[in-house]
Amino acid sequence: MTRLNSQHHQGLSYTHETKMLGAHLSQLRRVAHHRQILASVLRQASSSSSIEYQPIKSVLVANRGEIAIRVFRACTELGIRSVAVYSEQDKMHMHRQKADESYIIGQGLSPVDAYLCIPEIIRVAKENDVDAIHPGYGFLSERSDFAQACIDSNLRFIGPSPWVVEKMGDKVAARQTAINAGVIVVPGTDHPITSADNAYEFCVKYGLPVMLKAAYGGGGRGMRVVRDLNDVKENFRLASSEAEASFGNGAMFIEKFIEKPRHIELQVLGDKAGNVVHLYERDCSVQRRHQKLVEVAPAPNLDKRVREAMAADAVKLCKSVGYENAGTVEFLLDNQGNYYFIEVNARLQVEHTVTEEITGIDLVQSQIRIAEGMTLPELGMTQENITAQGCAIQCRVTTEDPAKSFQPDTGRLEVFRSGEGMGIRLDGASAYAGAIISPYYDSLLMKVISRASDLHASAAKMNRSLREFRIRGVKTNIPFLLNVLENQKFLNGTIDTTFIDENPQLFQFKPTQNRAQKLLNYLGNVLVNGPLTPLATGLKPAEVYAALPETPTATDPPRGFRDILVAEGPEGFAKAVRHHKGLLLMDTTFRDAHQSLLATRVRTHDLLKISPYVAHNFSGLYSLENWGGATFDVALRFLHECPWERLEAMRKLIPNIPFQMLLRGANGVGYTSYPDNAVYKFCELSVKAGMDIFRVFDSLNYMPNLLLGVEAVGNAGGVVEAAISYSGDICDATKTKYTLPYYMNLADELVKAGTHVLCIKDMAGLLKPHAAKLLISSLRDKYPDLPIHVHTHDTSGAGVASMLECAYSGADAVDVAVDSMSGMTSQPSMGAMVASLMGHDLDTGMDLSNVSEYSAFWEQTRTLYAPFECAVTMKSGNADVYQNEIPGGQYTNLQFQAFSLGLGDQFEAIKKAYREANLLLGDLIKMLKGLPTIEGRPGEQMEPMDFVSLKTQLTEDHGPRINDYDVLSSAMYPEVTEDFLNFREKYGPVDKLDTRIFLTGPKVGEEFEVQIEKGKTLHIKTLAMAEDLTVNGEREVFFELNGQLRSVMVRDQEAVKELHVHPKVSPGKKGQVGAPMPGTVVDIRVQVGDEVKKGSPLVVLSAMKMEMVVQSPCDGKVASIDVTKDMKLEGDDLVLSIDPQ
């Protein structure tokens, strides 16, 4: 049946719309006419009835959301005109668009009060020729005064009579009615209680535990289980407040709490002739906060005799009060087979869908027909005709976060995709991309109903459907529901109402990654607010895609030195290096080269592109330096990527070449002292992640720091390459501090410590060719079997000459960088070294054409990093490094800073001042006056680091995805890692973006792809950015993702400076308390200056008709309160601040 839908009629002319409306109403009249004829025939065919049949031509639904739409659909199928009412807050809600007509109510009232305003609803009905009103569930559905008001206004109420609604809605009256009908009840109060003191007295008299229940409503609202006498009054106030907000009456009913019962409810239908039938039962035991989450029909493993007795009692009770229309009789069933009546819900239930699925009976249509005067026999609904077939499950998909005690979440649905298919029914309302989930109403987003032959098959369909859902922008309970569906107790049908509480594993789930939407949020932020990683210069990344040289794809790379290392261990590796005839090279392109030339900013994305080529064409390398040093810090801090993941990814693509990292001895990869166990753990994990050779150094050659690093690497199973930091000039007789004997003595100590390889680390590029010959030949003469590796920088331009001299003097390996990434403060040219030794006994065995192709890739790739290009300020190397002795990376950074501060023309003076300061301090800072001195190595005096506690804290702060890599990153750089984890959670895997797009964002109209993992590629197109700001200072940025329109809201950081926007909590800042969910402040329990304990109540928030107490996260004193009563808050809005004790 075609339904008028305003969204589908935009742009049509008024005349055309009028014609369509007329045609639609004519069709409704025809269907209604046929329905009247059918009803007349049925009535004549059955026994004569004294009940007058009055057809209903129009129905107003006094409700909202999915239940309103459910009724509208039934009306359309019956040819009945449907009328919606909506609050101001629901003006964009789908339910008003699904009706034939819709009218606003409750203007000026609160969102909930609008739907509780009886005079408004009656007025709309009378003004628009409505015949009947359907109350749905919740709101006014169990208000007898509403039912009576409908009848008094000559409107039919689609539900029980006002007298029955009143009698069944009053828990005490319903209880007495059940007793009178011979139905067993749970012990409890015999009248509603409105005072917390009266509740306390009852509990003292009858004992605990007890259940507090709203006397005039259901659905879990206003329900609390109380087990401690001290909690009675507080829980009574909270439950009564919820009941008042939900049902307009805060009176409570108290009854004894049955331990571990099953919650079984019987669906009944009654007519005006006194007929009552049951439509079998539903098991509603999967509950939290006494609100149902999953319902199953029929109840699994229910004894046939219990089923029949329970059904007979339900029918008997309803007949005793002359029940008509739909209702539910609810029971608690203990593990002995005893059942107790608890209440009657005199309305349609949320979970009516599963009964419809197993019986084939449309309950809503049945409600309407009964209200018209049809009897159950006339509708073919005699008890013997009603059978249950198969099994149906309903899952309530809600916008709640199960990882945070089911806190309601609100916001904009950025993405919505449902799971459909055979055996799946979806009942929803405003579940579509762009919909706004408000804090004013229930958190139900959609009901998903599966039907199959049995419980297992139905659960499998439900599982499949939920896994197909993609909901972004708000949290949902889908991960939790999936755990329920896969739980063996649930699948066996052996659950009770404590199922959730007693199965904490239901909350052990990985949160959805939401990678695509997070990346769009990142891109939107870059477009609105500019780069999110600081750019060092005004240059922009080049618009190039570096051409990759051809690489075999179906073959393994040739064997290399790592194969020897894996097979023979560090000692066998060292022997193989020493016995190798030619000169070995270590390629620094993957680390020190770009640290020196591009501020360490080269990203994993580009390193991985060229990695297969390196593996296939440079298998003869001594090692590939690709980790440690500054790369660790910069990867986390500026590139927003995990250095451990970089290491693992490179290891997979380069299995044959040893990896080398820079380890700062006892300082790990940091710039401070750490407990010794932190360094040991770091080395252990590094080896597991793929690291092979550890170049252990201390810039001051402080032996205790070096020895700790040597021992840590040795224990981890890595290759120990202990390094001597070279300074000065051993050939200059005027320099008496750093002499040849000084270096030879250091070498002796490192050899005694067990180093596998000895390294000369020439950090500033001070090792001249003559000095190189003297030092290396002396070391070779003394240690003929020890591999020697030389590291240098080419700042002076003499790097190639020095490295050749090292090779001639007995060095086994020297550092180079590929040509386009060599020179200046980087390492000597790989191509120059290869060409210089071609045909020589020390021939490297490298193919110069391969070096050229490798260099071509980096020549193009380097232009992507133009914002960090050292050549902006440095045009060549400079031999004055022999005077100022500035290390390569530091030289580049110092020059950058000088030019950034407008001091570029004074850089020569700066270098001179650096030299003078160095000489003034005697080449070594021994002590600063006024600072405490430390005896011995600092790390050995520190308490061991507690990795278990650190991981626990990180997991609490950032969720279950925290791994050992994150723990070690935090151990090295706690604040930097905290920022990285927050960034990753907010923006996703930004390391997968192309470098230009990562740094400066895409252009409008640009299309590009992002491979987030193997076999999963996102196709993105940037469409537009809105010019207008929202009231919160946000701009909407539009994209096309995999062919579908997506948009993100981005706060304009410049624009909001002129707007008043409530502050948010700062991630990781202790003592700040944020709103755990969007809502309204209904009570403030503390004042500034109050002393609070951890767990103390601070404020009470109300959202989605639920109240939540925000508790103190720590002991301390309230420093400031940032909210006022009745203030509306968004999630993570700052509530107050506490000075922690």
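Quick reminder: no glycine exception, Cβ is built from N, Cα and C everywhere.
All annotation found in TrEMBL is predicted automatically rather than curated by experts.
Residues annotated as domain 'Biotin carboxylation' in TrEMBL: 55-505.
Counted within 10 Å of its Cβ, the other Cβ atoms near HIS290 (ATP binding site) come to 18, all protein chains included. Marked as ATP binding site by TrEMBL: LYS171, GLU255, HIS290.
If you look up TrEMBL, you'll see 175-372 marked as domain 'ATP-grasp'. On the 0 to 100 pLDDT scale, the domain 'ATP-grasp' (175-372) averages 92 in the predicted structure.
Marked as active site by TrEMBL: ARG347. Around the Cβ of ARG347 (active site), a 10 Å sphere holds 28 further Cβ atoms from the protein chains shown.
Annotation source TrEMBL lists domain 'Pyruvate carboxyltransferase' at 583-852.
What TrEMBL records for ASP592, LYS761, HIS791, HIS793 is Mn(2+) binding site.
Every protein chain considered, the tally of other Cβ atoms within 10 Å of the Cβ of ARG664 (substrate binding site) stands at 21. Per TrEMBL, substrate binding site is recorded for ARG664.
Residues or ranges marked as N6-carboxylysine by TrEMBL: LYS761. Cβ contacts within 10 Å of LYS761 (Mn(2+) binding site), excluding its own Cβ and spanning all protein chains shown: 25.
The domain 'Lipoyl-binding' feature in TrEMBL is assigned to 1070-1139.
According to TrEMBL, the feature N6-biotinyllysine maps to LYS1105.
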ATP site, defined by LYS171, GLU255, HIS290: further same-chain residues with Cβ within 8 Å of the Cβ centre: GLY188, MET211, LEU212, LYS213, ALA214, MET223, PHE253, ILE254, ILE342, GLU343
Secondary structure content of the domain 'Lipoyl-binding' (1070-1139), with strand meaning DSSP E or B: 0 helix, 39 strand, 31 coil
Lowest local Cβ density among GLU255, ASP592, which the record lists as binding-site residues, within 10 Å: GLU255
Distance [Cα-Cα, Å, rounded] between ASP592 (Mn(2+) binding site) and HIS290 (ATP binding site): 61
Entry from the binding-site residues list LYS171, HIS791, HIS793 having the most other CB atoms no farther than 10 A: HIS793
Cα-Cα distance linking ARG347 (active site) and LYS171 (ATP binding site), given in Å to the nearest integer: 15
Distance, HIS290 (ATP binding site) to HIS793 (Mn(2+) binding site) (CA atoms, angstrom): 70
